[in-house]
Amino acid sequence: MEGGRLGGAAASASAAAAADARGGMSGFAAPQHAIHTNLNNVQPTQVTDFGALAQSAGFRIEDLANLSTNGLFNLKSNAHTIINDPLQFENYVKSISPSNITTTATVTVVDPQTLVPQKGAQLNLVTIRTGNVENWGESTIADTSPRTDTSTDPDTDERNQMFEQGQLAAPTASDSSDRSKDKLDHKTLRRLAQNREAARKSRLRKKAYIQNLESSRLKLTQIEQELQRARQQGIFISTSSDQSHSASGNGALAFDMEYARWLEEHNKHINELRAAVNAHAGDNDLKSTVDSIMAHYNEIFKLKGVAAKADVFHVLSGMWKTPAERCFMWLGGFRSSELLKLLAGQLEPLTEQQLAGIANLQQSSQQAEDALSQGMEALQQSLAETLASGSLGPAGSSGNVANYMGQMAMAMGKLGTLENFLRQADNLRLQTLQQMQRILTTRQSARALLAISDYFSRLRALSSLWLARPRE
């Protein structure tokens, strides 16, 4: 019963307070305007930065809060509220511009008990520092005073929208920064790729330059060796301003170098053949080596043909051979018939058929050599007669000059046949070697090639010993 009486008394008091409030509405219109004016004059430093405070504390502005009647308020979890009197003050609140919001972290609270419904009444403002705020956190205690009410801040939506725009602007700036970084990264990668490509080209140029230097060094070494060999043979190359003589000299020097290279490779083939014969290799292995040596002989005959077109006298005189080899030379090379005589005693035992074949080959080679020798003698005789005719006439006459030019033209035509004689002599040598290979077996052919190589090697050694002999 006593509880019922207390409840009824509380209800009556609440009703009376509401009636008093409604009765005073008409007289409070002017103070509303005054309150609105005072709020406009509030210093920006006293306005609480609700957005920043809520963001730093981890709460949202639109959440609710409870304020006590003494001016201090308790914030619920993630909530801010403003306490209004039961009287309706719809027109006294003015939106606070974000430009006026500072980080002073103060809260201005209107105490509804100080509002007097009289014209020109002043609003009692209570400024509470953030140091006086209590009970931040998870609080579920609500103020049940009949003079308390919860309402949403009028500019909450606007602040939320501005806050969301700020959050959207941050990713945009981040995306712009990322794109800038991506551009820098792409530019850096492109520069690195260009640097790597330039370094690779530089290495290739350096490698090519080194290879050119190495090849030039090898060519210089070969030329020095040829000059040394030419000095040992008593060759003195004279310089001339005549372009044709210079060209022939270059051709002769090139042939000498090619012959030195050929001789070196020939010695390698002979060493391989000698090792195979000493190891008693099979006929198939020996045949491949013999064929390679025969092909190598064919190569030197081709080189001589090219050199004869540049300087036929150089090839015919055997200036690319040692002095001892030149002593036994015939038309720029060896005599086939003489070589077969030397091999007859080296290849025993031979069958009757092989002996007959060697004899016939030797006879035919001798006949061909005699024919070429006779043709060479006839050429020399004709050339001598051409140059000697008309040399007893008076010097300086126009007729003698014309006769002289005619004689030189005839002599030049006859010298052109020297190249033909040289080519026929080389063909005879090559055919003799090929016929000998057909008559002999593979192993006998290998022994014959070794004997020929040893013969010319001894001639070269004899020439070196002769040039190096002590002179009194």
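Glycine is treated like the rest: Cβ placed from N, Cα and C.
Listed in Swiss-Prot:
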type: COMPBIAS; residues: 143-153; note: compositional bias 'Low complexity'
type: COMPBIAS; residues: 176-187; note: compositional bias 'Basic and acidic residues'
type: DOMAIN; residues: 185-229; note: domain 'bZIP'
type: DOMAIN; residues: 252-469; note: domain 'DOG1'
type: REGION; residues: 136-190; note: region 'Disordered'
type: REGION; residues: 187-207; note: region 'Basic motif'
type: REGION; residues: 213-227; note: region 'Leucine-zipper'
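Taken together, the residues of the region 'Leucine-zipper' (213-227) have an average pLDDT of 79.
Away from its own ends, the domain 'bZIP' (185-229) comes close to residues 253, 256-257, 260-261 of its chain (Cβ-Cβ under 8 Å, at least six residues beyond either end).
Helix, strand and coil residue tallies for the domain 'bZIP' (185-229), in that order: 45 helix, 0 strand, 0 coil [DSSP].
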